[in-house]
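Notes follow once the structure below has been shown.
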Amino acid sequence: MCGIVGAVAQRNITPILVEGLKRLEYRGYDSCGVALHVNGKLERARSTARVAELEKQIEKEHLSGFTGIAHTRWATHGAPASHNAHPHFSRDRIALVHNGIIENHDELRDELKTLGYVFESQTDTEVIAHLVDHMYTGDLFETVQQATKRLVGAFAIAVFSRDEPHRVVGARRGSPLIVGIGDGENFLASDALALAGTTDQIIYLEEGDVVDLQLQRVWIVDENGKPVQREVKTVHAHTGAVELGPYRHYMQKEIFEQPRAISDTLEGIASITPDIFGDKAYGIFKKIDSVLILACGTSYYSGMTAKYWIEAIAGVTCNVEIASEYRYRDSVPNPNSLVVTISQSGETADTLAALRHAQAQGMRHTLTICNAATSAMVRECELAYITRAGVEVGVASTKAFTTQLTGLFLLTLALAQIKGRLNDEQEAAQLKAMRHLPSAISAVLALEPQIIAWAEAFARKENALFLGRGLHYPIALEGALKLKEISYIHAEAYPAGELKHGPLALVTQEMPVVTVAPNDSMIEKLKSNMQEVRARGGELYVFADADSRITSGEGVHVIRLPEHYGLLSPILHVVPLQLLAYHTALARGTDVDKPRNLAKSVTVE
Ligand code: G6P
């Protein structure tokens, strides 16, 4: 989603701004731009193409400067067009970029129009630029502190003025913003990754902070205008992991990285102990009587899978809620519940808001399963488990999902242990099974040629149905999500028992029905559901286990996974579904890593 980079230096900063934007590209965007202070004037370049095109434009126009800001935009207010791309100018004096959504933009726009401001875009951002200009006192830092008080909604902004050549001001409320400290130069960004290779000295701004960035000075005030010191952290953002290597797409690379990602996630875990989740975990796990999982997208499906584990293995009640629903629902808070947020990015606006909503309701025990160690989610939760998937670039989440499941299974075992439901023998057996996951996944990845053959048939379809039962129902949901996200084929998932309550009406010869069919206690039930599909002429594509007695025949295609993996089977069964989506998208020629309209990290509501 939207990304910000800003710099004040004594050298040409365009390479830093452009490189920063490139590092944020994977988050998804539809336009980009850069603004610079050039000889007492504001100059900018904007594009609805890729950052590489913007770079060419910058070179062609010989744009260079010592002070500037840059942005990748994911459209919310106004179409993805050049005139809506950031930076926005006000009266050729103020340049501004913004992440987030300003909720009172209509009201402010009306007010500013009556003051004579002319709007060139449909964005809520341009409103802030004009507001800053209108309130400008000649001291940008002071002005931004006052102007942001008038904003309702979420924002991270970076702004500079034609009249103050060596100064960039940043402010955040609800959207992340960091400061990068250099030697006689300073930087701003929405993510430390943007500054990888430029500086590793990072300050994470807190809610309500406003920062004054000059060549030799970084000055921060909090939401009350009080000067504050924020800790400078050394952050090693993963620069190398953004390379594509021998793969055609990041998604393909990330699917194939799963054995490594899981073994990294399990590294150092010699036994099951609550400490894995933090020093205070033992006391908290002892106290809690239930679990409430909050997440969005793929992370929500890992939460759904965990519900089956947590209730069956640990005997603890577990509810899973879509964060964007939970935050606005009048729910009944349970202070003895462990609130678990699951997030790849740790930045998803709805998940963060749901966490804060739960906390505001008196639910103090919070844990996050997150892939970004320095994210707001980790900072705001009492306990954390950091998955070690590495940077995930493909918008369609893959290795983040399987590592989340790995972390959630560990959580299940830790809870089971505390509740007296995991003896030493069981612990040893479960850990052994977990450690074998990387090689089990490698064996599943070897099925790729068979899956490619299926993908060719799928590429010609416009609809698909996914079925699963029990633990594998969320896996069917995730398989359908993957297919629709990147191939644009309409795909739905159902718990197979629900088939006859509606979706069976859709089943014809034209409807491929993907069935996740591990050899577990539900297999006989599932076979009956498959018969229901066949009887209506539907074509079945079944992911079975080696030892199951499901055979290929007319209208029934079977791929066998090498082994049945018991409770951990969802981690294996999702992998062929990821590959099916990937190869189907490839056959249809879509932009696999950057599917239309979607963003990697959804930092707006
Ligand atoms: C976006 C991404 C998904 C992701 C979801 C939740 O929709 O495209 O891949 O699952 O956000 O993101 P999170 O970072 O919180 O896991």
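Note that Cβ sites are derived from N, Cα and C of the backbone, with glycine treated the same way.
Caution: TrEMBL annotation is automatic and unverified by curators.
Annotated features, as they stand in TrEMBL:
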ACT_SITE  Cys2  active site, nucleophile
ACT_SITE  Lys600  active site, for Fru-6P isomerization activity
DOMAIN    2-216  domain 'Glutamine amidotransferase type-2'
DOMAIN    281-421  domain 'SIS'
DOMAIN    454-595  domain 'SIS'
Subject >> the residue listed as 'active site, nucleophile' and Lys600 (active site, for Fru-6P isomerization activity), Cα-Cα, nearest whole angstrom >> reply: 10
Subject >> Stretch-averaged pLDDT - the domain 'Glutamine amidotransferase type-2' (2-216) >> reply: 94
Subject >> the residue listed as 'active site, for Fru-6P isomerization activity' CB neighbourhood, other CB atoms within 10 A >> reply: 24
Subject >> Set of same-chain residues at least 6 away whose C-beta sits under 8 angstroms from the residue listed as 'active site, nucleophile' >> reply: Arg27, Tyr29, His71, Thr72, Arg73, Trp74, His98, Asn99, Gly100, Ser190, Thr603, Val604
Original post:
Using DSSP, how many residues in the domain 'SIS' (281-421) fall into helix, strand and coil?
Top reply: 66 helix, 28 strand, 47 coil
